[in-house]
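One structure is given below, encoded as structure tokens.
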């Protein structure tokens with residue numbers, strides 16, 4: 001793609017995200033979401049492969065439907081209360097419609113079907129943007145309206161997302177699809193705590209974004225797209241693969257890595273809110289996603305591929321690892337000891 005065109009699309013995404021995050025009026029928030037959607041579409045379909053075109057079409061249709069629902073929800077609220085302010089969403093029907101719309105934008109179950117397909121049809125860098133930056137504006141809207149939303153509905157959506165995100169990722173061989181189901185599972189953890197402690201939702205989102213960015217950038221460096229390629233990727237950059245192993249375990253939420261911090265705080269907060277059964281259930285469901293993270297970690301570190309098929313070893317590169325990956329990997333793995341400081345900031 002032309003670098004100038006690329007720059008325009010990235011700048012448009014930043015503009016759309018900034019407009020949505022900083023707006024108080026529903027129409028401005030909706031405008032930001034629309035700019036975002038239109039800016040990412042050329043990045044999804046830039047390879048001109050039929051799968052990319054299909055992914056872009058699916059993304060456009062679902063995001064257009066979700067944006068229409070956001071507009072409908074805000075208009076219904078304005079009709080009943082006379083308020084266009086985002087924080088003044090008080091009408092129950094509007095709250096339900098908005099929850100559905102944001103769930104569709106984020107890819108929460110039962111509106112998750114588009115996300116794995118779109119991620120599979122996109123390049124790794126676009127997949128990274130879809131998994132992290134494109135989820136920030138909807139998360140901000142959820143954060144601003146959290147006091148008005150229905151706790152029962154959000155808890156059901158969260159538990160279903162954690163269950164299906166883990167369950168459907170078990171049988172995948174394409175890494176982008178595995179990361180899509182991982183994202184759905186993480187969104188479940190963010191949604192369950194949203195009503196009780198919205199700041200924890202944001203903390204979880206930020207840490208998830210850092211860890212996912214690390215994984216995507218590492219895969220992009222080693223040019224790995226499926227598990228069979230991952231088996232021989234260790235020859236290309238052994239140290240990078242070792243750090244990928246730790247980042248994947250961190251994404252799974254294993255102590256003493258960074259990913260354990262949000263899960264620990266969320267379980268603690270749910271227990272304080274007398275929601276111990278929900279905390280137990282979502283913790284058990286996260287074991288499903290732990291399985292496919294462990295499978296990815298095993299494929300990352302295996303040094304002798306099975307002899308049943310011929311595996312082509314990749315050439316080792318002497319190119320140094322980029323500074324961005326080094327910093328992100330360190331943050332993804334070693335942030336747990338700094339948790340008291342993080343909690344004082346949050």
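Residue 1 is the first one shown; counting continues down the chain.
Cβ coordinates are placed from backbone N, Cα and C, and glycine is handled just like the others.
Copied over from TrEMBL:
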TRANSMEM  5-21  transmembrane segment
DOMAIN    23-288  domain 'NADH:quinone oxidoreductase/Mrp antiporter transmembrane'
TRANSMEM  56-76  transmembrane segment
TRANSMEM  96-115  transmembrane segment
TRANSMEM  152-171  transmembrane segment
TRANSMEM  178-196  transmembrane segment
TRANSMEM  202-219  transmembrane segment
TRANSMEM  240-261  transmembrane segment
TRANSMEM  281-304  transmembrane segment
DOMAIN    290-343  domain 'NADH dehydrogenase subunit 2 C-terminal'
TRANSMEM  325-345  transmembrane segment
(message) If you count every Cβ pair below 8 Å, which range out of 5-21, 56-76, 281-304, 325-345 shares the most with the transmembrane segment (240-261)?
(response) 325-345
(request) Could you check if the transmembrane segment (202-219) is in contact with the transmembrane segment (325-345), meaning 3+ Cβ pairs under 8 Å among residue pairs at least 6 apart in sequence? (result) yes
(message) Using a Cβ cut-off under 8 Å, which residues of the same chain at least 6 positions beyond either end of the transmembrane segment (281-304) come close to it?
(response) 158-159, 162-163, 165-167, 169-170, 172, 175, 178, 181-182, 185, 188-189, 192, 227, 230-231, 233-234, 241-242, 244-245, 248-249, 251-254, 263, 267, 270
